[in-house]
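Q: Quick paste of what Swiss-Prot says about this protein:
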type	residues	note
BINDING	Asp14, His202, His204, Asn238	Mn(2+) binding site
DOMAIN	5-267	domain 'Pyruvate carboxyltransferase'
REGION	392-518	region 'Regulatory domain'
Amino acid sequence: MNSQVIIFDTTLRDGEQALQASLSVKQKLQIALSLENAGIDIIEVGFPISSPGDFKSVQTISKNIKNSRICSLARCLNKDIDTAAEAMSSSNTFRIHIFLATSTLHMESKLKKNFDQIIDMAISSVKRALRYTDDVEFSCEDASRTTMDNLCRIVEQLIKAGVKTINIPDTVGYTVPNELSTIIHNLFKRVPNIDQSIISVHCHNDLGMAVGNSISAIQAGARQIEGTINGIGERAGNTALEEVIMAIKVREDILGVSTNIKHKEIYRTSQIISQICNLPIPPNKAIVGSNAFAHSSGIHQDGVLKNRKNYEIMEPSSIGLKEVKLNLTSRSGRAAVKYYMTQMGYKECDYNIDELYTSFLKLADKKGQVFDYDLEALAFINMQQEESEYFSLSFFSVQSISNGLSTASVKLLCGKKVSIESATTSNGPIDAIYQALNRITNFPITLQKYQLVAKGKGRDALGQVDILVEYKKRKFHGVGLATDIIESSAQAMVNVLNNIWKANQVNEKLKTLKKVNN
């Protein structure tokens, strides 16, 4: 049996379902590029039929990813399959991932079909997908609650039809490891043409066993694991791929398999996705949590100092976790900043050096010395900025008055031409600034979430503000970064206003296209 395990990442499709606000095309591309850089084999980049935005994201990513294989999801509907193929048409090689429920519960209560009809739908859709690519994956939704007889029957027919990858999802995270292992064993035992296809598993974490189930499936013969970085996903999440990958590496003696993953890119990829998705990593998270390599017990600390292997089964450097000693000040030049960015794993194409250096100098003037975590935070904000933002904050001031009230004055540059000023008194400085900015744009928004996170150490640490607003029943996310909390809060709101403005522009273009087509 092949000892290579294919890693299938669905952060951009299944993982995005956990987010309160959709990611922009640029953010999705950043994630896809980081996954490609980490050596991910298959990147499921979206569900193109679901929205024009998802279609555009898949289309854009397909044009830019060269080393990983692109994959899109489709239901057993011709329009889904055709749209998926169209969105990925610029890629030399791509996969179409079709799914259909096979459990009795889903067939009777959701689909209102019998099993013969399910097989006919599945085979018809596979034939449709094979018109576009020879790489077709089929997922038997709710496979872990499908009868073994039915599962074996449909898998055999799918392989005969030309499916190269059969996915066995534990859709609701119901299975336990030995149960999933038995399912995989039975498929290998009872399906005569099973050797003509790769068996994959897609485990959810509702009972906290997604990683354990995935490992047991590997031991039973599965050779593709589906999941997300940091385990993000709806409900309790998906299989955390970084945990499976490192389990395979550390316990190769037991599992006897390997992956194509560049292990030293794991930590950076995890951090990028955490920041872009605005989903903080718990400190005790395996592999990538801030406490994963921390030792507080005196006995443990003494043991680690004598020999790290006493209490560490892997080195921090094995996932790319290393401390970069920075000594940057306002006298440091562009070359020094570029050098340290390279040391931290960034490529020159990842960021705009002119904009990053300008932000660096402003911070260096305030703090004196810039540390690695400062530069990392600045780089993240730099990478989020679009080439041309419609709104930009040119001035703000806040004055606190009696009874907890504050007055804010702002000047907003609109379209790089028109400068508009506004002033408002409200409860607290941040709300006053938000009210003043909203007076200018007149967007009917409601603030739903405000989060402040320190990016660094000490009193002069950078503060990152993440906000979530609702605008016309849609959620929009914004982020700002500064040593001053009020300034970072203002930047976050301007970021939101730009995101809303861009969404409105897209909607206007779609309306125009519909009128032309009609």
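In case you wondered, yes, glycine gets a Cβ from its N, Cα and C as well.
What you are looking at is a predicted structure, and each value in this text was computed from that prediction instead of being measured.
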Q: Please count the residues of the region 'Regulatory domain' (392-518) that DSSP assigns to helix (H, G, I), strand (E, B) and coil.
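A: In the region 'Regulatory domain' (392-518), the DSSP-based counts are 49 helix, 59 strand, 19 coil.
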Q: Once Asp14, His202, His204, Asn238 are set aside, which residues in the chain still have Cβ within 8 Å of the Cβ centroid of the Mn(2+) site?
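A: The answer, listed by sequence position, is Thr10, Pro169, Thr171, Cys203, Asn205, Ala210, Glu226, Gly227, Thr228, Gly233, Gly237, Thr239.
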Q: Within 10 Å of the Cβ of His202 (Mn(2+) binding site), how many other Cβ atoms can be counted across all chains shown?
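A: So the number of other Cβ atoms within 10 Å of His202 (Mn(2+) binding site) is 26.
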Q: Look up Asp14 (Mn(2+) binding site) in the DSSP assignment and report helix, strand or coil.
A: coil
Q: Are there any residues at least 6 positions away along the chain from His204 (Mn(2+) binding site) with a Cβ closer than 8 Å to its Cβ? List them or say none.
A: Pro169, Asp170, Thr171, Val172, Gly173, Ala210, Gly233, Arg235, Ala236, Gly237, Asn238, Thr239
Q: Which of Asp14, Asn238 (the binding-site residues) has the most other Cβ atoms within 10 Å?
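A: The residue with the most neighbouring Cβ atoms within 10 Å is Asn238.
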